[in-house]
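Note sheet for the following structure.
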Amino acid sequence: MLLRFTKMHGLGNDFMVIDLVTQHAHIQPKHAKQWGDRHTGIGFDQLLIVEPPSRPDVDFRYRIFNADGSEVEQCGNGARCFARFVLDKRLTVKKRIRVETRSGVIELDVRPDGQVCVDMGPPRLEPREIPFQAENAALDYQVEVDGCEVELAALSMGNPHAVLRVENVESAPVHELGPKLEHHPRFPQRVNVGFLQVVDRQHARLRVWERGAGETQACGTGACAAAVAAIRQGWMDSPVLVDLPGGRLSIAWAGPDQSVMMTGPAVRVYEGQVRL
């Protein structure tokens with residue numbers, strides 16, 4: 001059978017989006033891996049699946065697969081594209097949408113200027129909720145990599161993140177240290193790794209090594225995690241402008257137990273069909 005799909009991106013973080021509300025198919029990890037190949041498939045960082053809700057208090061269910069076929073809990077840039085997609089496809093007329101993910105419910109607000117604001121919920125800081133192997137929650141942790149101690153913050157934005165402060169993101173060891181931390185045994189579900197440069201109290205630069213995808217042009221949950229880590233450390237004040245290789249996100253966080261608010265663009269690239 002042929003499935004309709006839409007190619008989208010949020011700051012260069014690119015997605016294949018499939019509507020399983022009006023189409024019916026059983027998509028498996030092998031399909032994500034096949035379609036995600038940039039040489040022989042469609043090519044993407046993540047595959048986003050739009051499904052009917054499984055509970056009455058939400059509008060849709062949102063599933064995410066990395067290009068390596070692994071299913072993950074959350075994707076911030078994908079959430080913005082999800083909101084734009086369901087409106088463009090007239091799957092809803094609501095401008096504020098409640099969406100069920102593997103890690104909980106998020107709220108998406110499509111603004112008149114086309115920007116999408118995502119209520120990502122509060123960050124999770126307890127090690128068992130990240131998950132991260134540590135006895136107690138702390139502002140930062142020491143993790144041993146190749147015999148050296150690496151200082152990082154660890155938290156969850158619905159998916160696990162490590163955040164390292166660097167002097168300059170251009171020279172940060174993203175491709176050397178990123179995969180080593182991604183697969184570090186203290187992160188039992190692997191981890192996304194952010195390399196954060198603080199420019200001033202409300203402006204940062206960030207590169208992210210995403211688990212299952214490698215370095216991407218942008219990572220929404222990574223920007224949220226970096227902003228939360230920087231605010232908790234006292235390095236920055238909310239709201240924070242985060243510049244990623246693909247563009248800029250605005251992140252606001254009022255403090256403990258408060259939701260992280262992420263605002264940025266979502267762009268449709270093209271429509272297509274793929275054989276299942």
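Cβ atoms here come from the backbone N, Cα and C positions, even for glycine.
Residues or ranges marked as active site, proton donor by Swiss-Prot: Cys75. A sphere of 10 angstroms centred on the C-beta of Cys75 (active site, proton donor) encloses 29 other C-beta atoms.
What Swiss-Prot records for Cys219 is active site, proton acceptor. Under the DSSP three-state reduction, Cys219 (active site, proton acceptor) is assigned to coil, being neither helix nor strand.
Summarising the annotation, Swiss-Prot assigns substrate binding site to Asn13, Gln46, Asn66, Gly76, Asn77, Asn159, Asn192, Glu210, Arg211, Gly220, Thr221 and lists sequence analysis as the type of evidence. Non-local contacts of Thr221 (substrate binding site) by the CB criterion (under 8 A, 6+ apart in sequence, same chain) comprise Gln74, Cys75, Gly76, Met120, Met157, Gly158, Asn159, His161, Asn192.
Per Swiss-Prot, site 'Important for dimerization' is recorded for Tyr270. Within 10 Å of the C-beta of Tyr270 (site 'Important for dimerization') there are 8 other C-beta atoms, taking all protein chains into account.
Residues Asn13, Gln46, Asn66, Gly76, Asn77, Asn159, Asn192, Glu210, Arg211, Gly220, Thr221 are recorded as binding substrate; their most distant pair of Cα atoms lies 17 Å apart. Taking Cα separation as the measure, Tyr270 (site 'Important for dimerization') is nearest to Asn13 of the recorded positions Asn13, Asn66, Asn77, Arg211, Cys219. On the backbone, the CA of Asn66 (substrate binding site) and the CA of Cys219 (active site, proton acceptor) stand 13 Å apart. Listed in sequence order, His9, Gly10, Leu11, Asn13, Phe15, Ala218, Cys219, Gly220, Gly264, Ala266 are the same-chain residues at least 6 apart in sequence whose CB falls under 8 Å from the CB of Asn77 (substrate binding site).
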